[in-house]
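Peer 1: My structure is below; once you've seen it, I'll send some questions.
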Amino acid sequence: MPKSTDIKSILILGAGPIVIGQACEFDYSGAQACKALKEEGYKIILVNSNPATIMTDPCMADATYIEPIHWKIVKKIIQKEQPDALLPTMGGQTALNCALELNRRGILKKFNVKIIGATIDAINKAEDRKLFEDSMKKLNLKTAKCGIAHNIQEALLVLKNVGFPCIIRPSFTMGGHGGGIAYNQEEFEDICERGLKLSPTTELLIDESLIGWKEYEMEVVRDKNNNCIIVCSIENLDPMGIHTGDSITIAPAQTLSDKEYQIMRNASMSILREIGVETGGSNVQFAINPKNGRMIVIEMNPRVSRSSALASKATGFPIAKIAAKLAVGYTLDELANDITGINTTASFEPSIDYIVTKIPRFNFEKFLGCNDRLTTQMKSVGEVMAIGRTFQESIQKAICGLEIGSSGFDSKVSFADNKQDIIKIRHELKDAGAERIWYIGDAFRCGMSVNDVFELTSIDPWFLVQIQEIIQLEKKIIQKGFIGLDYNFFYFIKRKGFSDLRIAILTNKKEEEIRQLRYELNLHPVYKRIDTCSAEFSTETAYMYSTWEDECESHPTKNTKKIIVIGGGPNRIGQGIEFDYCCVHAAQALREDGFEAIMINCNPETVSTDYDISDRLYFEPITLENVLEIVRIENPKGVIIQYGGQTPLKLARQFEKEGIPIIGTNPDAIDKAEDRNRFQKIVTKLKLKQPLNATVLTLEEAHKKAIEIGYPIMVRPSYVLGGRAMEIVYEPCDLDNYFKKFLKNNHITPILLDQYLNYAIEVDVDAICDGEKVLIGGIMEHIEQAGVHSGDSACSLPAYTLTNKIQNKIREQVKKLAFALSVKGLMNVQFAIKNNEIYIIEVNPRAARTVPFVSKATGLALAKISVRVMYGKTLSEQGFCKEVIPSYFSVKEAVLPFDKFQGVDPILGPEMRSTGEVMGIGKNFSEAFSKAMLGSHTNMKKSGRVLLSVRDDDKNSIVNLAVKLQKFGFKIDATKGTSIALKKSGIMARLVNKVHEGRPHIQDRLKNGEYSYIVNTTSCHQGMKDSQLICRSALQYKVHYDTTVNGAFATVMALNEEPTENIISLQEIHKKINLIN
């Protein structure tokens, strides 16, 4: 059957900001859906609040709304655009929940909007735990012994039947949010209480414990004619009890018998039919008891998911694209397989002759004091995928791609004290953390058996034997040494996945020496293609991975206009989707201009690793070894390293040494900006200002320089991204503590000390330089004052308080710096403004995380303009010489994951901790900020009682804030010091006790629901513990809080606006742009 003709326009719901449990895999799926449906001639209307996504590029839809995904706003968009259909299956749990709310309120029926991709009944049957259990009973499929609860009393009744330990899962949440494993009554009540608050339907599923069972997933696609295919089977290496998003996963499943696989396959298809998923992709999860083979169904997602993205990249089968086309009436046999072309259709199940391994990436070091043990609530912030012919090759490649400084199965213990080492290893195996896979290696080094490790981990012995063999091989490499690396042995260990760097460490040599020997032996990898059919049919799509065999399928073209774009690797805090956005734009611009674009990346969640974004895709870890091999075979004109964040940048000098041409700003210019002494000379020569600063290597030097600069000071290591290990130090003892931590973590780079400019306004500027002219992309004013990391601070474009005079001075300084640093391409400059003086904080001659936001706010595709500059097309030739000053305001707001990490200090500081961002667009700053707050799920009420508790430095400012709050009708509470300051100005506030001052105290009042807003600022050690406790409690009870006075004033300004009142598409606002000379 052909596509549906009764539908002319389709509204697609995005997933909103990147959060733990819902990351950029939904940009990948949403972008695929937009492209697929647009090429079919449908009018596409898109709603998504995340500006860092490819799907929100104006070219992807006919009407793009960067608006909060809230039912009131979506209702207004439906009223305005009159879509015929709504596609909610591409935006994760956020989109599904919004669709359900629109249906519940009768909005879809009122405006005659048809849901496609999944019916409301199907969503409810899959998401509602009771309905799902009933559906499984109809199919005679077992589910875990469980019960449903809507309050604590019901939960306790369920507990009597289920017993301890038990697993608690809130309904309609993502990433296991709010859930957990309870081993006792206290834990049970605590998790249930939290879960009930987080479930939109106030519903919990309480399961019997399946800890230690094996976990599997099936990616299923079904069409309207009841044709079903299994795209991919996925096996979790980690057993049940660890969220699948935090598990190492393998595709295809390795330890299922054929009989088990067929039972699971048939069950998956039956589940889709029973639930009512008429078209599209779904993910079905199973558990098998390894002791008796009992199989149960865990859950299913009636939408594309994190696993769908992994399965798509693992097989080459574009699940989201196919699901979108099935949603409008096509059947699987009518859709061509893009990779094999006319040879096969989408009804052919993919067949793969390789092993794919996904390893999650964690950022626990950003959240000191958090529980870093892995449970049923997801905690990872990204992931890496690797492809090899064997599991051993695949997992070792994946480890190298993690960007954590690991070359393979590095040891985590010193082996200096064998007894203590074994105690540590046993603990890490039993109570899994982010590094368990390395401790398994150490367990085998200590002489533990496969059975010993299995008893502690419940990981299938097949995987353990594979890892044990790798450790045995390591011992053999050490025994043979460098001189024992003959051709046969070298080739053998490369086939097992050993990197040059790992071999170098084991033989006590430099990586360069190992590489040189390998070259002398003429040992190089070959490249195989991902083709969906195990090489049964030929393919023109160059989607490749490296392995160690005889035949190479890379077949590089003879095109002399080749440029390699190096991606950013796995998402982590400080380096996220924004850099992938830039890489995608680079590939698009190159292809538009007749270049052959070659992408290297290893992140399965991203758009850049879609096989049709570049001409050639190498799915490889971003290491020197891998890039050199690809350069050797492709012989490109050059490589682009400025778009993938710190990952490719740190290889710049080595690329230069190896003679690889770098497109754009050269490594020396990058070093000039990064090297403190070199940069200071440039600033001095240009007669510009910097905060007083110094570079030190020892604690003694640091104390001496700190006295010269004057406390407080900002302390950080050189060459880091995301403010890693950055702190504000107020006194000498803080400096001592910082160095203790720093040395403990084995940092060896120089330490940078900067004067901390208290109450300064921070400013970000994105610009492009072609060597002759500088294009100012945008001047962004931060809402939180300097001292809060730029990635965690909200910002406004255009600036909302800076004078034109200051902004013009900033423009001039950016231009001077661009020319002095010989920038060719993008650059980002950060300033601090204090008492009308401009101080340069830092310059980054590369793409910054603000590029997507500025591009959406101004209509200028900065990454594309810059890439063309980098390969020689001037700004004048492109027609971009004028800065764009929008007539509307755009605000970028950070989204923080503190609700996932209980017990963590939630006060913002110089180290970045946000996982994502949203954008609000409005006629003025207030409206834009109110939308950004709504998009980031800020629960800000417009009335009630406010708690004010601020540091001494803020007491003058707080009076004005209190006056404004009273005008809105808020009642004021204040702690003792703040109350005195308010009283002096004639403002009466109810005095409230801090926790240590007696009851009723702040926590009591929060628990009683007395507060709707909290302003709490602190400095040094003054009230630090109190402040942390206040903010943690505010998070727990869903009360909005600000930890800076500037942030509080912006919040009050936003109260003047109704964020759901006005909507406008990106296409409409870009027509209103004004240009200035």
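FYI, residue positions are counted from 1 along the chain as it appears here.
Any Cβ shown, glycine's included, is placed from N, Cα and C.
When I checked Swiss-Prot for this same protein, it listed these features:
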- 2-403: region 'Carboxyphosphate synthetic domain' (REGION)
- ARG129, ARG169, GLY175, GLY176, GLU208, LEU210, GLU215, GLY241, ILE242, HIS243, GLN285, GLU299: ATP 1 binding site (BINDING)
- 133-328: domain 'ATP-grasp 1' (DOMAIN)
- GLN285, GLU299: Mg(2+) 1 binding site (BINDING)
- GLN285, GLU299: Mn(2+) 1 binding site (BINDING)
- GLU299, ASN301: Mn(2+) 2 binding site (BINDING)
- GLU299, ASN301: Mg(2+) 2 binding site (BINDING)
- 555-937: region 'Carbamoyl phosphate synthetic domain' (REGION)
- ARG716, GLN755, LEU757, GLU762, GLY787, VAL788, HIS789, SER790, GLN830, GLU842: ATP 2 binding site (BINDING)
- GLN830, GLU842: Mn(2+) 3 binding site (BINDING)
- GLN830, GLU842: Mg(2+) 3 binding site (BINDING)
- GLU842, ASN844: Mg(2+) 4 binding site (BINDING)
- GLU842, ASN844: Mn(2+) 4 binding site (BINDING)
- 938-1077: domain 'MGS-like' (DOMAIN)
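On this model, are these features tucked inside or out on the surface, and what's nearby?
Peer 2: In the three-state DSSP reading, GLU215 (ATP 1 binding site) counts as strand. Of all Cβ atoms in the shown protein chains, 23 besides its own fall within 10 Å of the Cβ of GLU215 (ATP 1 binding site).
Around the Cβ of GLN285 (ATP 1 binding site), the number of neighbouring Cβ atoms within 10 Å comes to 21.
Cβ neighbour count for GLU299 (Mg(2+) 1 binding site) (all protein chains, 10 Å cutoff from its Cβ): 17.
Taken residue by residue with DSSP, GLU299 (Mg(2+) 1 binding site) is part of a strand.
With a 10 A radius on its CB, ASN301 (Mn(2+) 2 binding site) counts 25 other CB atoms from all the protein chains.
DSSP classifies HIS789 (ATP 2 binding site) as coil under the three-state reduction.
Under a cutoff of 8 A between CB atoms, and with a sequence separation of 6+ in the same chain, the neighbours of GLU842 (Mn(2+) 3 binding site) are ALA673, VAL829, GLN830.
Reduced to three states, the DSSP call for GLU842 (Mn(2+) 3 binding site) is strand.
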Peer 1: For the domain 'MGS-like' (938-1077), give the DSSP counts of helix residues, strand residues and coil residues.
Peer 2: 62 helix, 25 strand, 53 coil
Peer 1: Tell me, which binding-site residues from GLU215, ILE242, ARG716, HIS789 are within 10 Å of GLU299 (Mg(2+) 1 binding site) if we use the C-alpha atoms?
Peer 2: none
Peer 1: Using a 10 Å radius around each Cβ and all protein chains in view, which of these binding-site residues has the most neighbours: ILE242, LEU757?
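Peer 2: Within the set of binding-site residues, the most crowded position is ILE242.
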Peer 1: Expressed to the nearest Å, what is the distance separating GLY787 (ATP 2 binding site) and ASN844 (Mg(2+) 4 binding site) at their Cα atoms?
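Peer 2: About 18 Å separates the two Cα atoms.
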Peer 1: What whole-number Å value do you get for the CA-CA distance of ASN301 (Mn(2+) 2 binding site) and GLU215 (ATP 1 binding site)?
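Peer 2: Pair distance, Cα basis, whole Å: 15 Å.
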Peer 1: Reduced to three states, what secondary structure does DSSP give ILE242 (ATP 1 binding site)?
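Peer 2: Once the DSSP labels are grouped into three classes, ILE242 (ATP 1 binding site) ends up as coil.
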Peer 1: List nothing but the one residue from ARG129, ARG716, HIS789 whose Cβ has the fewest other Cβ atoms within 10 Å; the candidates are the binding-site residues.
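Peer 2: Relative to the other binding-site residues in ARG129, ARG716, HIS789, ARG716 has the fewest Cβ atoms within 10 Å.
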Peer 1: Between the Cα atoms of GLU208 (ATP 1 binding site) and HIS789 (ATP 2 binding site), find the distance and write it as a whole number of Å.
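Peer 2: Cα of GLU208 (ATP 1 binding site) to Cα of HIS789 (ATP 2 binding site) measures 43 Å after rounding.
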Peer 1: If you average pLDDT over the domain 'ATP-grasp 1' (133-328), what do you get?
Peer 2: 92
Peer 1: Tell me the Cβ neighbour count for ASN844 (Mg(2+) 4 binding site), meaning other Cβ atoms within 10 Å of its Cβ, over all protein chains shown.
Peer 2: 19
